[in-house]
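Enquirer: Here it is, the structure in full.
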There are 2 protein chains.
Amino acid sequence: MKPAAIYLISDSIGETGEQVVHSILSQYSLEVENIKKYTHILTKNMLDAVLISISQERNVVVFYTLVQEELRQHLTDFAEKQNFLLVDILGNGLAAIAQATSLKPLGEPGIIRKMDREYFNRIEAIEFSVRYDDGKDPRGILKADLVILGVSRTSKTPLSMYLANKNIRVANVPLFPESEPPKEIYQISPTKVIGLTNTPEKLNSIRKERLKTLGLPQNASYAEMNRILEELEYADKIMKRIGCLVIDVSNNAIEETANLIFDYMKKTNTALINKNES
Amino acid sequence: MKPAAIYLISDSIGETGEQVVHSILSQYSLEVENIKKYTHILTKNMLDAVLISISQERNVVVFYTLVQEELRQHLTDFAEKQNFLLVDILGNGLAAIAQATSLKPLGEPGIIRKMDREYFNRIEAIEFSVRYDDGKDPRGILKADLVILGVSRTSKTPLSMYLANKNIRVANVPLFPESEPPKEIYQISPTKVIGLTNTPEKLNSIRKERLKTLGLPQNASYAEMNRILEELEYADKIMKRIGCLVIDVSNNAIEETANLIFDYMKKTNTALINKNES
């Protein structure tokens, strides 16, 4: 059957709403390209323009993240009259927090992505982590919040970028037997170092895939089992010497590895967490 | 008054729930560090362990993103008995889509971040964008989905990483009068090039801040108004010659600039969008 027309109305950039809608649609194997997204809807007039568009459709579901009470009411009234399905993403949560704290919500749109100090820190963390990606400059190790080590194809770079987005300055360093890692990795607290590892089978298949993508023959030593075992053994030795946490990423998505790291940081109570809570 | 104890229960990694909770708390000027997050809650037993912890607290608000009907029911029953505030982040949306499409939700946790082709494409896009950051290798320009140009401090790198996270392979190229940009920027479709610009005042203040962070004197030519005007004029000339879209980032957060780019790509119907919709 024809899928519903899906609208998303936000008074800010619509990221929260988008994530919720995607989570929901994934439970229905529905395509998500046809979401009609209206962002920065801040006045009744702007909202009316969206409502005109909605009223010309059939079978509509409207998701919204609006914090101004006036707009929320206007939309609710319209949905009742026109009889379309309306989903308030923030409403229940806003009401629950009000009840639990006896506070009144501010009703100010766009607070979450204010260009404040935190926002600039995040940008700096991203720039830092790009600058000190792939062992480019060992001085980064001493300045980083977190140092990530691992052999090729243990997802060091995407993990670093994900952590950078969470305001953590990461330096990542590749390990391979032909060259000693920079001495700086022994000069910082082991709690600031995370080793990544993967199973030989998985590395073998990821590296073969990688060679294919690069148009190279798949029997290059890079993807050979013996070579991989040698690299893993070498990496293991280095990580043991440091005494750092080692995470096997073979069954983890980036987000899961990152969550493990956050939990570890909380437990070890490193500078990182102090910084994030200050 | 004492803020509420806030719990977040998820059957996956909890990212969607976290974003919703942060959006809501930002409307109350409440600190967000004290969210107790329980992820990968997939069975009744695991849920019971969380419920024991909850029952020892006062003034609790529990947010949840659970898709298995059995767990949802179990949690709802418990909340009624123990009388705590429960906020279902996905429930209304799931019901609305079911009603609009006559489909049944799959009830499978963790679908959204499945390690499928799309996931690996995203990782590759991140690696690509890091590799071709800051004009490092002009060959990236020909292979990129999108090329970003701009003078120093127009947020090229964080924007590239943000777009990479959305599965777009970006090459970014700095512009400065002392060196011609790589010829490759004239060899691709102008619709694949985005120029970033900023006001001289803003650049002046951001660059001064930058020098301060680096411990350098703030009167370096890098932050001087004349130098900035010269750079902007040069960049303007290059962008005009290419005929690309130019975005003034002076009042935009990264996410907003990215949204403008997505809209533009939809309008110009470039390869990028075809790729994302295929």
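Cβ atoms here come from the backbone N, Cα and C positions, even for glycine.
Pulled these from TrEMBL:
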type	residues	note
BINDING	B:GLY150, B:VAL151, B:SER152, B:ARG153, B:THR154, B:SER155, B:LYS156, B:THR157	ADP binding site
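Where in this structure would I find these features, and how exposed are they?
Expert: Residues near B:LYS156 (ADP binding site) in space but far in sequence (CB under 8 A, at least 6 apart, same chain), listed by position: B:ASP133, B:ASP134, B:ILE148, B:LEU149, B:GLY150, B:ASN172, B:VAL173, B:PRO174, B:LEU196.
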Enquirer: Taking the center of the Cβ atoms of B:GLY150, B:VAL151, B:SER152, B:ARG153, B:THR154, B:SER155, B:LYS156, B:THR157 at the recorded ADP site, which other residues in this chain have a Cβ no more than 8 Å from that point?
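Expert: Nearby residues not in the site list: B:PRO174, B:LEU196, B:ASN198.
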Enquirer: Find, for the listed binding-site residues B:SER152, B:THR154, B:SER155, B:THR157, the residue with the lowest Cβ contact count at a 10 Å cut-off, counting only other Cβ atoms.
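Expert: Among the binding-site residues B:SER152, B:THR154, B:SER155, B:THR157, the lowest count of other Cβ atoms within 10 Å belongs to B:SER152.
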Enquirer: Using DSSP and three states only, what is B:THR154 (ADP binding site)?
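Expert: In the DSSP reduction, B:THR154 (ADP binding site) maps to coil.
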Enquirer: Where among the binding-site residues B:GLY150, B:ARG153 do you find the Cβ with the fewest other Cβ atoms within 10 Å?
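Expert: So among B:GLY150, B:ARG153, the binding-site residues given, the one with the fewest Cβ atoms within 10 Å is B:ARG153.
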